[in-house]
Amino acid sequence: MVKETQYYDILGVKPSASPEEIKKAYRKLALKYHPDKNPDEGEKFKLISQAYEVLSDPKKRDVYDQGGEQAIKEGGSGSPSFSSPMDIFDMFFGGGGRMARERRGKNVVHQLSVTLEDLYNGVTKKLALQKNVICEKCEGVGGKKGSVEKCPLCKGRGMQIHIQQIGPGMVQQIQTVCIECKGQGERINPKDRCESCSGAKVIREKKIIEVHVEKGMKDGQKILFHGEGDQEPELEPGDVIIVLDQKDHSVFQRRGHDLIMKMKIQLSEALCGFKKTIKTLDNRILVITSKAGEVIKHGDLRCVRDEGMPIYKAPLEKGILIIQFLVIFPEKHWLSLEKLPQLEALLPPRQKVRITDDMDQVELKEFCPNEQNWRQHREAYEEDEDGPQAGVQCQTA
């Protein structure tokens, strides 16, 4: 039982979520709320990053589960020390962190929705991207030659320092992006700015790229287009990073190289055998057979070798197809009372039980728990002198 669930709620996962589920949740939310796409969601992006930083670290997650956010704060001498949200994003998507960003232009990260069929068969998709490119008219200068000057407000630092009093004898130093030069450290007189880029040095350009999704690739796998990201003056262009996002499939679930599916069979089929067909992800039809005399129990697993997912970079090799059988039992009174002895004669004999006078005979009814956990209501009943509240119910008919 965790103390609080705020970080889990931010990522939209349960406290029992696996590390892979936490990574997948962060990936989707970080791409959705990244400042480049949602400039007004900076605080949301920050909270998502903080939640992921804690829950992706087994030690921090354990501390959080036991003591909540307060325990995280106490573990950091009174205030939690979180990494930069952009550093977390870049490390997750392969950007390399702040130092790499200072030497290179921004990476452009895009999520590409794919089906399980796409990952099984391979597919090529075209993706239209918007990216920054150096302005050809001013060659990345931003204006006329010689018109660029050091920003007088921040003295070329790109940042402003503000001193704020937060209490008697206590002040706080706050660093913000310079409002005059927008963090560039330099400015251009409006009349001298380039007409094409308005002094921004770069312009937005649409580009179509072809993304080759190879057989066996996985959900969350990254495809890198080196040097195709945003361009900035005097910096090496960033990369375009495509992140595959697999849609849920109606029949199959993927587990590594294997495929898992559930198949319903009638009780007669479970006892007497059957032939069934399965449509594969490349539209072939498989015929599976359970021979007469073989008994399949509810929940039993069977497998078909070499019918799982192709293995990435070795597509001629495949995992296995795992089938879980769900046996459907007949409805009540499906057979007349007169015919039940005939059925019983065909089935294994019932276990005989010796009943004595000191035994209590009780009535067996269907268990129908309501939406709330029946154990909690039982505990409440034990503590409540007035008797049970609304809890476990049994059908009366």
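Yeah, the Cβs are placed from backbone N, Cα and C, and that goes for glycine too.
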Phosphoserine: annotated position in Swiss-Prot, out of Ser18, Ser84: Ser18
Same chain, not part of Cys151, Cys154, Cys178, Cys181: whose C-beta falls within 8 angstroms of the C-beta centre of the Zn(2+) 2 site? Give them in sequence order. Pro152, Leu153, Lys155, Gly156, Arg157, Gly158, Met159, Gln160, Ile179, Glu180, Lys182, Gly183, Gln184, Gly185, Glu186, Arg187
If one measures from the C-alpha of Ser18 (phosphoserine) to the C-alpha of Cys178 (Zn(2+) 2 binding site), what distance in angstrom results, rounded to a whole number? 42
In terms of Cβ proximity under 8 Å, which residues at least six beyond the ends of the repeat 'CXXCXGXG motif' (178-185) contact it? 150-154, 156-160
Excluding Cys135, Cys138, Cys194, Cys197 themselves, the Zn(2+) 1 site's Cβ centre has within 8 Å the residues Glu136, Lys137, Glu139, Gly140, Val141, Gly142, Gly143, Arg193, Glu195, Ser196, Ser198, Gly199, Ala200, Lys201, Val202, Ile203
Spatially, and counting Cα to Cα, which of the binding-site residues is closest to Cys194 (Zn(2+) 1 binding site)? Options: Cys151, Cys154, Cys178, Cys181. Cys181
